[in-house]
Structure formats: C-alpha cells, structure tokens
Ligand code: ATP
Ligand code: MG
C-alpha cells in the first residue's frame, strides 16, 4: 500500500485510491521541481500498460525480477540509474536495494538541469543514500553514440559499470549501454518499447512493485552459491520472457473479452 500525506482529498473508499496516490506523488515531484513535464506523460503511458497486466506482478515479471537480483548480486560494479519519476515513486526502496546489493546510485536525466539533478540527489540522501553520483561535474564521462543529455555519466558510475539497473529508461540509451557491453536491467511496463526490446533483462512491472520484489529476492539469494546465481543469469532468455509477457496479456484480454467486463448496476 502506498502511503501519501499529500493526497488527503482522495476518499478512503475510492476504487482507484492507490493509483491516485501514486499519481499524486508524480505531481508532488513535479511541483518540487525534479519530475519533468515529460515524466508525467511517461507515467500515463505506464498506467495504460499496467491496466493490461492487471496492475499486479505477472509470472514472467517475477522471473525477470529474480534473475535481475542474481545479476546485481554477482556484478563487480553494479549501478542503479535514477531519474525524477523513480526518485518520487520509490526513493527509500531504491536506496535500500542499493545497500543490499552494494550498488552505486547515479542520477541520470534525459531532461537534465543542474537544479533537477541536485534535487534528486537530495531526495536520495534524505532517503538514506550516502553517496550519489552523476551530479554536476561528476557527470564528466560520455556514452558514445548518444546525443541526449543522458550521454553524460559518472566515470566512477555508469561509465565503468558492468551491470546497470535502469528503471524507466529511454530506448536510445539502453541500446548505447548494450553496445558498450554492459548488462542492462530495465523496468518498463511497456513490453514493446525499444528499452524493453534492447535490455538484457526486462522487467515488465511497475517500479512500485518491482523494486520491493527485487529487495526481497536479493535478501533471499544473498547466501546462494555464486555459481548458481551466475547460471540463473546465463540461462535467462529475454526474448522468451518478453514473449511470455505478450502471451500473458493476450490470454488475459481474451478471457476478459469472453467473460464481459462491464460493471453491474441496478436496472432502471
Ligand atoms: P522507448 O524510448 O523505450 O522506446 P518511450 O519513448 O515510449 O520508450 P520513455 O518515455 O522513453 O518511453 O520511457 C518511459 C517508459 O516507462 C514507458 O515505456 C512507460 O510505459 C514506462 N513507465 C512509466 N511509468 C512506469 C512505472 N511506474 N513503472 C514501470 N514502467 C513505467
Ligand atoms: Mg523514449
């Protein structure tokens, strides 16, 4: 359950209370100056795909979350890339995950301004982060073949990372990071986006659910033999997993289409 002190106007019995709370967080982040206009649009796109999966974690997403935890636990230099939407949706959870898997946190923005990067770093520090990379002069290395502001990264962070977790990523950068030979873990509700299709491990789930699931799995798997974790990652096939996501959505929609979906009301 998402708690939010700012959304007191939402009636307690509103059928979409949780979704409205989450939306309100985006608005708060926008008003505080670190969620971009475009981040609000991206959130709406995510909500649409969340309806298609039934607003819950579907089996192929659980598999990808487990494999992603294994990839992060066995990485030599894991980094979590944070943008405005992620910082407002799951700040404490992102910090908790980074501590559990020993990953660095790095701010990386498509719509980069000095003010936004510093505000996001502050949100992360207030949520318990000790170090946040990618702010101001720290973002001095360049991802080749990338022309958006997202090309600027920390030389101690994303630039040298072997595994990068990118919640709500842009397709271009996912491709550029893959071309650099990195393992890219994406969290993206749209299984058809370029990000989803370019990532090494795609988690088709809401960031709100995916990060806590990964925390749980990383906690459980920490004591597992390294070989087993490495094999889990090696045996994962992202193409197959994305097909399972599409099949799940297709079957779910077929079932709904045959059952009927209108809400019941008293006859007039
Ligand atoms: P791409 O660049 O990968 O082709 P895009 O341009 O449509 O995709 P972006 O705006 O770059 O998308 O990235 C936002 C993505 O994040 C969208 O695919 C959207 O569905 C997804 N998204 C938005 N909110 C969430 C959320 N809370 N959890 C998971 N995914 C989300
Ligand atoms: Mg994009």
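Every residue gets a Cβ built from N, Cα and C, even glycine.
Automated prediction, rather than curation, is the source of TrEMBL annotations.
Residue 188 (ATP binding site) is surrounded by 29 other CB atoms, counting those within 10 A of its CB over all protein chains shown. Sequence annotations record features per position, and here TrEMBL assigns ATP binding site to 23, 45, 188, 189, 190, 194, 195, 206, 207.
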Pick out which of the binding-site residues 190, 195 has the most other Cβ atoms within 10 Å of its own Cβ.
195
